[in-house]
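Following: one structure in structure tokens, then a few remarks.
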Amino acid sequence: MNTCIQLLILCLVTVINSENLTDISTETTIENEIENATETELSEAIEKETENVTETELPDTVKTEIQFETQNLPHNPKQKYCRTEGQYCSRTYFHRCCGNLVCQLHGFFNGTCVQCLAERKFCIWSSECCSKRCRLFRCRKNPYVQVIPY
């Protein structure tokens with residue numbers, strides 16, 4: 001047991017030392033290149049790099065990444081491991097829906113996160129149903145809400 005721990009520590013120290021050595025070698029290489037380059041060479045290199053990037057290229061990339069990341073974030077910061085709308089859920093602590101989303105079950109502990117439950121879907125609380133009326137574990141029509149056709 002002690003031998004395994006010692007080997008593990010030795011491996012970790014070796015990995016950390018090798019990472020530090022590569023960092024130091026790249027830093028010295030960069031310093032040498034900077035010393036050898038003149039100001040005009042540096043300004044020309046910067047101009048060439050900026051010419052290669054178009055104005056529309058950066059905002060689209062950043063915009064896409066931000067939209068993708070915000071879709072994966074939970075609605076409530078206290079809920080770290082929750083599912084967003086349309087993702088798999090099971091009505092358990094491990095696979096729960098974020099915020100006000102509800103898990104609509106399709107089978108035994110197999111469902112999808114939705115805004116609210118439709119009529120005749122399995123429910124526990126009235127707040128889970130779109131009609132706000134849960135009776136005998138099913139969402140029911142709300143007699144007080146009238147739908148007026150156009």
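Glycine is treated like the rest: Cβ placed from N, Cα and C.
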CYS139 - recorded disulfide partner, Swiss-Prot, among CYS116, CYS129: CYS129
Per Swiss-Prot, the disulfide partner of CYS123, chosen from CYS98, CYS103, CYS134: CYS134
Cβ neighbours of CYS129 (disulfide bond) where a neighbour is any other Cβ within 10 Å: 22
Set of same-chain residues at least 6 away whose C-beta sits under 8 angstroms from CYS134 (disulfide bond): CYS123, ILE124, TRP125, SER126, GLU128, ARG140
Residue pair ASN110 (N-linked glycosylation site), CYS130 (disulfide bond) - Cα distance, angstrom, rounded: 20
